[in-house]
């Protein structure tokens, strides 16, 4: 009898966690420079469609919280929802979360749902990882399962929204217009890259650097922030560590 009573409570708690996970504040729209991804000691692998263009490629569209959801906040929200507080805290971890993820593991990406977007996705959202054997669909499936299921968007809308944001604000062209172009030797200040993106898009973004094979700082990823409807850029409400060494970074040739 106790098991019968406990089961509905457990299901209620899990549903509460799922509904909370979808209550995010903004999207991070993340693009990466392929020359920086490939220009490390680990290297990269091209997708089965061939070498991508020398253009920023989409990494993902990630729902995010403006503040990490700690234990107290999660407990309060669980109580308001009538859920079992202990079960909710246990399900999300003692430290809470800074973003929702894996909101619906059973909602796998269906190839037919994005069939009309495949060519554009191959051009703008290619995989460079050596883990997926060059199959970009595995990359898209992973991004959908981890982030897209928390987006409150249907499968096609999720990917179409990311493509639309990229098309509306071409980072490669914006940086080139400011004189920031791929080079084997030229370096650029972090502030000049940030200012060029802010002026070109009208909104501030966060930057992330990585290290090239020789240890030099490279512009790796640009984190632009998008409203909850995945339509309009906004100023990023959070700052983040740039991992940029000093004030000079490269944009390596690809």
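Backbone N, Cα and C define each Cβ position, glycine as well.
Look at TrEMBL and you will find 1-21 tagged as signal peptide. The active site feature in TrEMBL is assigned to 59, 143, 147.
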List every residue in the same chain as residue 143 (active site), at least 6 positions away in sequence, whose Cβ is under 8 Å from its Cβ. 59, 60, 61
Residue 147 (active site) CB neighbourhood, other CB atoms within 10 A: 23
Protein Cβ atoms within 10 Å of residue 59 (active site), excluding its own: 21
